[in-house]
Amino acid sequence: MAWALAVILLPRLLAAAAAAAAVTSRGDVTVVCHDLETVEVTWGSGPDHHGANLSLEFRYGTGALQPCPRYFLSGAGVTSGCILPAARAGLLELALRDGGGAMVFKARQRASAWLKPRPPWNVTLLWTPDGDVTVSWPAHSYLGLDYEVQHRESNDDEDAWQTTSGPCCDLTVGGLDPARCYDFRVRASPRAAHYGLEAQPSEWTAVTRLSGAASAASCTASPAPSPALAPPLLPLGCGLAALLTLSLLLAALRLRRVKDALLPCVPDPSGSFPGLFEKHHGNFQAWIADAQATAPPARTEEEDDLIHPKAKRVEPEDGTSLCTVPRPPSFEPRGPGGGAMVSVGGATFMVGDSGYMTL
């Protein structure tokens with residue numbers, strides 16, 4: 001019989017919880033009950049109610065609806081939230097309306113369902129003779145809370161936290177080395193079975209450092225580098241770029257000198273062979289033939305060996321100088337047949353048949 005009743009009631013309970021969650025989370029409305037002392041309702045952070053001037057009414061139990069006692073405004077000058085007192089008894093009903101009176105948000109449940117406890121305070125850390133650490137703090141004024149203690153070595157990363165949890169406000173963390181330094185932090189978490197799924201844990205306390213047997217200076221031996229001391233990236237990049245450019249220029253000049261030293265200078269053929277490219281378009285055979293045709297004829301070896309005779313000067317006996325020039329064979333006197341030869345003063349004349357003398 002009990003199983004049948006559970007099967008019938010379970011879907012209804014789940015549907016009611018889903019409906020309540022849907023009403024509570026509808027739009028951009030957030031409800032938080034801070035340490036069961038005040039209830040904070042905020043809206044307008046999203047697109048549904050951004051810029052809208054909304055009004056809130058509330059009541060506990062079946063009393064009359066009351067207006068919000070204290071609004072806070074956004075930067076645009078419109079309402080964005082309300083602070084109202086929390087009561088541990090009775091159901092809290094919230095009604096949020098727009099300027100025309102239309103309902104935009106409504107919820108009715110205990111204020112503790114939106115509980116967010118305050119962080120633990122006056123946290124004390126003590127080493128035990130066994131090498132463990134006892135963490136203690138004052139208890140909250142209400143029940144239904146679990147506490148979490150996280151620890152890590154001082155130089156570990158953010159994700160290196162190890163958790164120890166329990167229902168009391170006095171927890172012992174074991175497995176530690178007294179010669180090392182550790183960081184601790186604590187928070188309180190409402191139990192879902194006691195307050196519901198919309199309750200949320202408190203903020204973490206500030207990190208407390210425990211040095212143990214080590215000196216306090218050893219805990220801060222290797223602090224994280226300050227961002228202000230980091231070298232500026234832009235000047236460093238510009239300096240590296242300038243250095244790289246200068247190195248490339250020097251390498252190019254040195255490479256050119258090495259190339260000039262290793263490779264001989266090749267003369268320009270257009271200066272040594274005029275007309276080779278202008279007239280013959282690089283045809284060396286045609287250029288040679290043209291150069292031979294325009295060159296003066298060279299002397300043969302026979303002409304170089306030929307000796308030309310020179311005329312001699314003949315000194316006659318009477319002291320007069322006579323220049324004897326050889327005559328060509330066509331001008332040598334030939335005596336015609338039948339002529340008489342006459343010699344006068346050493347000169348010979350030939351007398352022809354007509355009586356004239358021929359010298």
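Cβ from N, Cα, C; glycine included.
Quantities reported herein were computed from a predicted structural model and do not represent experimental measurements.
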- Query: In Swiss-Prot, Cys169 is paired in a disulfide bond with which of Cys168, Cys181?
  - Reply: Cys168
- Task: Return the single candidate from Cys33, Cys82 listed in Swiss-Prot as disulfide-linked to Cys68.
- Result: Cys82
- What count of other C-beta atoms do you get within 10 angstroms of the C-beta of Cys68 (disulfide bond), across all chains shown? 19
- Show which residues of the chain containing Cys168 (disulfide bond), separated from it by at least 6 in sequence, have their CB under 8 Å from its CB. Tyr147
- Spatial neighbours of the motif 'WSXWS motif' (201-205) far in sequence, C-beta under 8 Å, 6+ residues away: 116-121, 123, 148, 150, 185-190
- Comparing the Cα of Cys181 (disulfide bond) with the Cα atoms of the recorded positions Cys82, Asn122, Cys169, the shortest distance belongs to Asn122
